[in-house]
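Peer 1: Just passing along the structure, written as structure tokens.
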Amino acid sequence: MSATVIDGRLIREKVLGELKEQIACLNLHRPLRLAIFQYNPQIPDLLYVNSLKRVAKKLEVEVEVKTFEDLETLKNAIDEYNVNDFVDGIMLQIPNKRDYLYYTSLIVPEKDVDGATPVNLGKLIRKDKGLRPATADAVIRIIKETGYEIRGKNACILGRSFRSGLPIAIMLMNEDATCTVCHSYSKDISVYTKEADILVVAVGRAGFVGADMIKEGAFVIDVGINQVGDKVVGDVKFEEVKEKSAFITPVPGGVGSVTDVMIFRNLIKGVILRNEK
């Protein structure tokens, strides 16, 4: 068996077409505007911004990037942009997890394009209208694009981060999958991965999952992005795992390609939610 390799770039182009139609229907008579606030940005943050700018250009969305020297000034900017009707979305890039969680919680939910505020995460659990975490949204979209039936499947998610692993698990459960979440304290992880119809790997360790850890015919989604020498690789040993799985996402060109456009999907959805108030 050799897997169907899912080209995230093709899905991205399809979603871009959908977003262009949605923007046209907004009748705003001005460009959408995304603000990205950075505090002590790291190289991956800068690369991510460049990727978002490329998507924004295709959608004719304005992107404003501001770098702050202190968190108090950043907080003041959040307060200001929360009430600015000409700013449609706010994204934060803060390396410290505790700081990121706190300052993200200050963003009004309708402008939270990362889907990371407590309000939006709560709405995700309740299946209410809200902005969903972009990576999790991308994972579900990728699976659905193949026509694969999620309902009733066993899913295993490796990683429990608040930005990927946990939201992915919640969204898969919302699609009626039976989910197991493994983390750094889980023992004998392969016991769970070998039973998974859907395996999502988001641990941030290059080549963490090999063919010996997966079920024959599994749907394998690699969320990891790791720099190894001059190459970007995922958490899955791609070449060997693709020979045993039914579907697999590559790195690069997989989940990350779709995540970028889901940020702008949230940007548009946030405008719609604000107009409904």
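Here the Cβ of each residue, glycine as well, is placed from N, Cα and C on the backbone.
Feature table excerpt (TrEMBL):
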type    : residues                       : note
BINDING : GLY159, ARG160, SER161, ILE225 : NADP(+) binding site
DOMAIN  : 6-114                          : domain 'Tetrahydrofolate dehydrogenase/cyclohydrolase catalytic'
DOMAIN  : 133-270                        : domain 'Tetrahydrofolate dehydrogenase/cyclohydrolase NAD(P)-binding'
Peer 1: May I ask which residues of the same chain, at least 6 positions away in sequence, place their Cβ under 8 angstroms from the Cβ of ILE225 (NADP(+) binding site)?
Peer 2: PRO44, GLY204, VAL232, GLY234, VAL251, PRO252, GLY256
Peer 1: Taking the Cβ of SER161 (NADP(+) binding site) as reference, which residues of that chain separated by at least 6 in sequence fall under 8 Å from it?
Peer 2: ALA202
Peer 1: What is the Cβ neighbour count of GLY159 (NADP(+) binding site) at a 10 Å cut-off, with all protein chains included?
Peer 2: 24
Peer 1: Over all pairs in GLY159, ARG160, SER161, ILE225, the listed NADP(+) binding residues, work out the largest Cα-Cα distance in Å.
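Peer 2: With GLY159, ARG160, SER161, ILE225 as the binding residues for NADP(+), the largest Cα distance is 16 Å.
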Peer 1: Show which residues of the chain containing ARG160 (NADP(+) binding site), separated from it by at least 6 in sequence, have their CB under 8 Å from its CB.
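Peer 2: Expected: LEU166, ALA169, VAL181, HIS183.
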Peer 1: Per DSSP, what is the residue tally for the domain 'Tetrahydrofolate dehydrogenase/cyclohydrolase NAD(P)-binding' (133-270) in helix, strand and coil?
Peer 2: 50 helix, 28 strand, 60 coil
Peer 1: Helix, strand, coil: count each for the residues of the domain 'Tetrahydrofolate dehydrogenase/cyclohydrolase catalytic' (6-114), based on DSSP.
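Peer 2: Final tally across the stretch: 59 helix, 20 strand, 30 coil.
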